[in-house]
Amino acid sequence: MPLVTSKELFENAYKGKYAVGAFNVNNMEIIQGIVDAAKEEGSPIILQVSAGARKYANPIYLRKLVEAAVEDTDLPIVLHLDHGDSFEICKQCIDDGFTSVMIDASHHSFEENIEITKKVVDYAHSKGVVVEAELGRLAGVEDDVNVSAEDASYTNPEQAVEFVKRTGVDSLAIAIGTSHGAYKFKGEPKLDFDRLAKISSLLPNFPLVLHGASTVLPEFVEMCNQYGGNIPGAQGVPEEMLTQAASLGVCKINIDTDLRLAMTAAIRKELIENPGEFDPRKYLGPGRNAIKKMVQHKIKNVLKSSNSI
Ligand SMILES: O=C(CO)COP(=O)(O)O
Ligand SMILES: O=C[C@H](O)COP(=O)(O)O
Ligand SMILES: [Zn+2]
Ligand SMILES: [Zn+2]
């Protein structure tokens, strides 16, 4: 099966009250770990590429690796641009064969966000590609720009309706208290579920997207710290909150930090326990396994998208 768009995946997810995982990819082992997990769970999957990933791995390599995953597994896989910050990068990815792009003009004014998003939607739709946009601002580090928690603002439900109507966008990332990275909450984790329910009720049958949705699993933070790491006070979104969000119209849940932590923890352990080892396969292999196990757990127990293809 060729790469797919997320249209049908989101329709099914919306009806089934589950979410499709969108995982960030940067190299072969990460792609293989995620895709193996999805294959075992019989789940569709979104592989997303950030501007940073394009810079690190070279866009051609990533695209070819994802094509290899499609050929190898026959799974419904979406190739998605994460946080595209201009029409130009979105167009580049659309022309390169991506089936989905995100235009993140959330740092612009409401009117400018609409204008930029609409331009991407018009081009993408003419090529059969779907578009995700963002309204509201997430706290934390995003797009290489530091947005302080005070500056972050949650999505306005009425504006969300107007935004979707005027842009024709296919899905919308909303801000309800999540943030990118490993330090999401200072005290008790808290998301604005009333706001999510309101947005969802005003936009029936419309897929919402949750960014900054890593849980920062204590198991991996502890393993990193045990084997020479220094990641104190890291905290993410509790898994039950993600499942709850999926039942309220969130059809796409973005996870990157949990991949980073799982892989790093496994590699740290391997290198410390086997100081004489210098074959990269001996530590990248366990890194890939750790990703597979973590993603399989997310798909099965948190996002609940198993056996949905
Ligand atoms: O939203 C994300 C990518 O767009 C990833 O969020 P995390 O940092 O919580 O994994
Ligand atoms: O949204 C942020 C993702 O985690 C991607 O991060 P990155 O820009 O460092 O690749
Ligand atoms: Zn953003
Ligand atoms: Zn994001």
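The backbone N, Cα and C atoms fix where each Cβ goes, and this holds for glycine too.
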Listed by TrEMBL with H83, H211 as binding Zn(2+) 1, from among H107, H108, H180, is H180
Out of G136, G168, G181, TrEMBL lists as part of the dihydroxyacetone phosphate site with G212, A213, S214, N254, I255, D256, T257 the residue G181
Its Cβ having more other Cβ atoms within 10 Å than any other among the binding-site residues S214, T257, the winner is S214
When the binding-site residues H83, H180, H211 are compared by other Cβ atoms within 10 Å, fewest goes to H180
Longest inter-residue Cα distance for the dihydroxyacetone phosphate binders G181, G212, A213, S214, N254, I255, D256, T257, rounded to the nearest angstrom, is 11
Sorting the binding-site residues E134, H211, A213, N254, D256, T257 by sequence and keeping only those with a Cβ under 6 Å from ligand 4 gives H211, N254
Expressed in Å to no decimal places, the gap between the Cα atoms of S214 (dihydroxyacetone phosphate binding site) and H180 (Zn(2+) 1 binding site) is 8
Candidates D104, H211, G212, A213, N254, D256 (binding-site residues) with CB under 6 Å from ligand 3, in sequence order, are D104
